[in-house]
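These features come from Swiss-Prot:
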{"type": "ACT_SITE", "residues": "H67", "note": "active site, charge relay system"}
{"type": "ACT_SITE", "residues": "D112", "note": "active site, charge relay system"}
{"type": "ACT_SITE", "residues": "S206", "note": "active site, charge relay system"}
{"type": "DISULFID", "residues": "C31-C165", "note": "disulfide bond"}
{"type": "DISULFID", "residues": "C52-C68", "note": "disulfide bond"}
{"type": "DISULFID", "residues": "C102-C258", "note": "disulfide bond"}
{"type": "DISULFID", "residues": "C144-C212", "note": "disulfide bond"}
{"type": "DISULFID", "residues": "C176-C191", "note": "disulfide bond"}
{"type": "DISULFID", "residues": "C202-C227", "note": "disulfide bond"}
{"type": "DOMAIN", "residues": "25-251", "note": "domain 'Peptidase S1'"}
{"type": "CARBOHYD", "residues": "N81", "note": "N-linked glycosylation site"}
{"type": "CARBOHYD", "residues": "N105", "note": "N-linked glycosylation site"}
{"type": "CARBOHYD", "residues": "N156", "note": "N-linked glycosylation site"}
{"type": "CARBOHYD", "residues": "N172", "note": "N-linked glycosylation site"}
{"type": "SIGNAL", "residues": "1-18", "note": "signal peptide"}
Amino acid sequence: MVLIRVLANLLILQLSYAQRTSELVIGGDECNINEHRFLVALHDALSGRFLCGGTLIHPEWVLTAAHCNTHFIIIYLGAHNQSVEFDYEETRYPEKKYFFPCSKNYTKWDKDIMLIRLYSPVRNSKHIAPISLPSSPPSVGSVCRIMGWGAITSPNETFPDVPHCANINLFNYTVCRAAYPELPATSRTLCAGILEGGIDTCHGDSGGPLICNGQFQGIVQAGGKTCARPRKPAVYTNVFDHLDWIKSIIAGNTAVTCPP
């Protein structure tokens, strides 16, 4: 009987340790293959090198981070395992790229956004479908979903073949301001992460989505040298604050005026 109790306690300890260590994987667990139909992968068309993630918001439009731009981009839609190409995957080249033009009341962090018009639209399929733009702003305290092919260890980085997904929390901007004093006193960006550390977006996740309560609210910005540190949440471009610009460009008004 004593031996059984000892073995049972050892099993509990082992399971507890396994749970804690799995929580420390940057980016969480492997995404379900049907969970990220809107997630796209941006590659350098010349070298084939993976650059960033992005989000399909319309059959003809992708939203990503401005710092992901390079001269020649190829976009993979419906991708899951980057080492294996499947018949259902599609590729597109940009027809045109749009960058947020406003300077007044917008810092460089606020403007890390790029809208890409695809050379030709894609059709919805089992593995490809756009996500809607947000209908309301995100609320502090929301649980948000992150996903991407970024590093799953840091600072010694390893990159997965398949995207990883995880849940994080949305904080008040002051939390990121305290973590990164170089940030401006006020900003239109979002602040999200896990205060205890261990789960975070990392290098390679840039441009990918932040999904809060089922709505596409943020775009991953470039992070620091080390990811998933305690009390070091990440900064995301606020999609809702750019809705008028995004919708105007998609509607064909490329000479949009800056919001106040």
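Note that Cβ sites are derived from N, Cα and C of the backbone, with glycine treated the same way.
Recorded features from Swiss-Prot, shown on the structure.
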residue: C31; record: disulfide bond; DSSP (3 states): coil
residue: C68; record: disulfide bond; DSSP (3 states): helix
residue: N81; record: N-linked glycosylation site; DSSP (3 states): coil
residue: C102; record: disulfide bond; DSSP (3 states): coil
residue: D112; record: active site, charge relay system; DSSP (3 states): coil
residue: N156; record: N-linked glycosylation site; DSSP (3 states): coil
residue: N172; record: N-linked glycosylation site; DSSP (3 states): coil
residue: C212; record: disulfide bond; DSSP (3 states): strand
residue: C227; record: disulfide bond; DSSP (3 states): coil
residue: C258; record: disulfide bond; DSSP (3 states): coil
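Counting every protein chain shown, the Cβ of C102 (disulfide bond) has 15 other Cβ atoms within 10 Å.
Counting neighbouring Cβ atoms within 10 Å of each of the disulfide-bonded residues (C68, C191, C202, C227, C258), the lowest count belongs to C258. Each residue contributes its Cα atom, and for C31 (disulfide bond) and C68 (disulfide bond) those atoms are 22 Å apart.
Each of the disulfide-bonded residues C52, C144, C165, C176 was scored by other CB atoms within 10 A of its CB, and the lowest score goes to C165.
The Cβ neighbour count for N105 (N-linked glycosylation site), using a 10 Å radius over every protein chain in view, is 11. Within 10 Å (C-alpha to C-alpha) of C176 (disulfide bond) lies none of the recorded positions C52, H67, C144, C165, C202. Confidence annotation: the domain 'Peptidase S1' (25-251) carries a mean pLDDT of 93 in the model.
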